[in-house]
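Trainee: There's a structure below that I have some questions on.
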Amino acid sequence: MEIRYASNPRDVKGYDGERLREDFLIESLFVKSELNMVYSHYDRLITGGAIPTDKPLKLEDKETLKTEYFLERREVGIINISESIGKVNVDGETYELNKRDCLYVGKGVKEVTIESADPSAPAHFYIVSALAHKSYPTKKLPIKEAIPTHLGSDAESNKRTIYKYIHKDGIQSCQLMMGMTLLAPNNMWNTMPPHVHDRRMEAYLYFDMDDQSRVFHFMGKPDDTRHIVIKNEQVVLSPPWSIHSGVGTKNYTFIWAMAGENYTFTDMDGVKLEDIK
Ligand SMILES: O=C[C@H](O)[C@@H](O)CC(=O)C(=O)O
Ligand SMILES: [Zn+2]
């Protein structure tokens with residue numbers, strides 16, 4: 001799998017747009033009949049995309065991880081982001097995932113395979129894996145059972161609902177946190193005003209966008225921001241020292257995932273709008 005190294009914010013100051021994209025944007029995780037992953041040195045988080053068609057796709061990359069099996073020292077969260085029904089096989093047991101349902105699989109599970117219920121209408125799965133030191137039970141959480149948090153307002157164009165799946169009061173994990181944010185119709189901003197959390201890195205997958213739609217994602221130190229233009233089903237890596245906020249040309253959905261020092265969703269350092277440059 002592709003490796004992405006971590007960068008020093010002092011160096012990132014001098015990056016041009018192309019270099020920012022090379023380091024922080026993951027452009028093509030989702031390819032038909034493939035399972036693709038990128039290994040980031042930010043908290044060794046792996047992000048992946050899978051679109052299984054005629055045969056199941058197995059979660060593995062011995063060459064990169066140098067372990068016997070993928071989850072020997074890791075845990076993983078898998079979310080179906082498509083309308084099509086998906087299935088995940090976990091050491092012989094099958095879990096069905098509908099759109100926006102999440103499955104957590106813990107350390108020690110030997111075989112995870114992913115398939116589409118109907119190969120002619122393949123499901124799209126988003127995969128995020130972090131290092132794990134302990135085994136937590138496999139658990140599915142359908143979106144209808146996730147607890148919604150309502151944030152923002154129409155006046156600020158950031159009215160949105162956050163669904164937390166893997167976190168302290170939801171599915172238990174070692175360090176992986178994962179959830180989904182849905183914007184209300186005609187609302188385009190996420191995570192504005194922004195925040196940083198130097199204890200944890202974060203990755204955003206933007207989706208539910210058409211071909212013509214783009215998200216302008218903002219990153220950088222709060223007083224020195226940059227942007228990356230993002231298409232449907234692309235991932236952006238957010239270093240711990242960076243803000244992570246976006247505005248769409250049209251409505252969109254995104255999945256956030258974090259790993260790092262602590263396991264407290266509310267541990268964020270809010271940035272005041274007057275301090276953003
Ligand atoms: O650290 C937390 C993450 O940045 C997201 O949960 C923020 C988010 O989904 C939002 O405000 O819309
Ligand atoms: Zn955050």
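Placed from the backbone N, Cα and C atoms, the Cβ positions cover glycine too.
Fair warning: this is a prediction, and the values are worked out from it, not measured in the lab.
The Zn(2+) binding site annotation in TrEMBL covers His195, His197, Glu202, His244.
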Trainee: Identify, among the binding-site residues His195, His197, the residue whose Cβ has the fewest other Cβ atoms within 10 Å in this structure.
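Mentor: If we count Cβ atoms within 10 Å for the binding-site residues His195, His197, the smallest count is at His195.
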Trainee: Let me check the 10 A CB neighbour count of His244 (Zn(2+) binding site). How many other CB atoms are there?
Mentor: 25
Trainee: So for Glu202 (Zn(2+) binding site), how many other CB atoms are inside 10 Å of its CB?
Mentor: 23
Trainee: Compute the mean position of the Cβ atoms of His195, His197, Glu202, His244, which form the recorded Zn(2+) site, and then list in sequence order the other residues of that chain whose Cβ is within 8 Å of it.
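Mentor: Apart from His195, His197, Glu202, His244, the close residues are Thr191, Pro194, Val196, Arg200, Ser238, Pro240, Ser242, Ile243, Met258, Met268.
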